[in-house]
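Chemist: Take a look at what TrEMBL says about it:
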- G13, I14, D15, G16, A17, G18, K19, S20: ATP binding site (BINDING)
- 11-197: domain 'Thymidylate kinase-like' (DOMAIN)
Amino acid sequence: MTQQRGKFISFEGIDGAGKSTHIGFVAQFLRSHGGADIELVTTREPGGTPLGEKLRDLLLHEKMHLETEALLMFASRREHIAQVIEPALARGAWVISDRFTDASFAYQGGGRGMDRAKMEALEQWVHPHLQPDLTFLFDVPLEVARARLDATRSLDKFEQEQADFFAATRQEYLRRAAQFPQRFRIIDSTQTIAAIQLQLSGMLQAELSA
Ligand SMILES: Nc1ncnc2c1ncn2[C@@H]1O[C@H](COP(=O)(O)OP(=O)(O)O)[C@@H](O)[C@H]1O
Ligand SMILES: Cc1cn([C@H]2C[C@H](O)[C@@H](COP(=O)(O)OP(=O)(O)O)O2)c(=O)[nH]c1=O
């Protein structure tokens, strides 16, 4: 009997939107409601493989040309797809990824202003047939995200960007969501954590019974 392919779920949003807060909850929900035989793989981008984690360190801390940045994001992704995502989906596991290609469109395309046709060419090259089945976009106004970030940790290269960068990043996320409404779920991340978890539970339940 051929193994049923697993599902691929990505988490997106500008820094400080609350994405990391909810990934653990979603993993826990799927473990307790998805049946004993569901295998979950939680991973992240940039990163997710030993090589990808080295690239992540460079990407988050070194200044570089915007096209170098985009190419390294997709290089990390190529490795991630080959080593982690595709094998997991093929054996029936569910993959939960903290960011995927929508982040490249949002940050390198929207935030940095890289030409969209080049972004689309990279997407077509690196994963012409793979897209997440479900993408949660945690959406908040910039000021809310910034206030949350300031309260937490020391900021990496992207988190140190200014308001206009994040305005363009957020706008590009929303454009991608409008372009792919079937897979995107936009979460109003100004709600309380409890309210968001309730909303996520309903969406996940629907996905489990699909
Ligand atoms: N809905 C929310 N309401 C209030 N605070 C939140 C909410 N979601 C997240 N936070 C807090 O905001 C900060 C940043 O959240 P985090 O999940 O790390 O964001 P991201 O992963 O999107 O950068 C954390 O301190 C977190 O506890
Ligand atoms: C995947 C990806 C991430 N990024 C950026 C967005 C984030 O600022 C940063 C790291 O991701 P993030 O998951 O936010 O890490 P953390 O929550 O630990 O800070 O990388 C891109 O610019 N392009 C991409 O394609």
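For all residues, glycine too, the Cβ spot is worked out from N, Cα and C.
What you see is a predicted model, and the numbers here were worked out from it, not measured in a lab.
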Chemist: Using the Cβ centroid of G13, I14, D15, G16, A17, G18, K19, S20 as the reference point for the ATP site, which residues of the same chain not in that list have Cβ within 8 Å?
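Modeler: For the ATP site the neighbour list reads F138, V140, A145, R148, S189.
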Chemist: Mind giving me a neighbour count for S20 (ATP binding site)? Other Cβ atoms within 10 Å of its Cβ, every protein chain shown.
Modeler: 15
Chemist: State the three-class DSSP label for S20 (ATP binding site), counting H, G and I as helix, E and B as strand, and everything else as coil.
Modeler: helix
Chemist: Within 10 Å of the Cβ of D15 (ATP binding site), how many other Cβ atoms are there?
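Modeler: Its Cβ has 19 other Cβ atoms within 10 Å.
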Chemist: Relative to ligand 2, which of the binding-site residues G13, I14, G16, A17, G18, K19 have a Cβ found under 6 Å from one of its atoms?
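Modeler: Going through G13, I14, G16, A17, G18, K19 in sequence order, none turns out to be close to ligand 2.
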Chemist: When DSSP is mapped onto helix/strand/coil, what comes out for G13 (ATP binding site)?
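Modeler: G13 (ATP binding site) sits in a strand per DSSP.
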Chemist: Which residues in the same chain, at least 6 apart in sequence, have a Cβ under 8 Å from the Cβ of K19 (ATP binding site)?
Modeler: F11, E12, G13, D98, R99, F136, F138
Chemist: Have a look at the binding-site residues (I14, A17) and report the one with the fewest Cβ neighbours inside 10 Å.
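Modeler: Output over binding-site residues I14, A17: least Cβ neighbours within 10 Å is A17.
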Chemist: When you measure from the Cβ of G18 (ATP binding site), which residues in the chain that are at least 6 apart have a Cβ under 8 Å away?
Modeler: F138, V140, R148, S189, I193, I196
Chemist: Note down the number of other Cβ atoms within 10 Å of the Cβ of G13 (ATP binding site), including every protein chain shown.
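Modeler: By my count, 26.
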Chemist: G16 (ATP binding site) has how many other Cβ neighbours within 10 Å of its own Cβ?
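Modeler: Within a 10 Å radius of the Cβ of G16 (ATP binding site) lie 24 other Cβ atoms.
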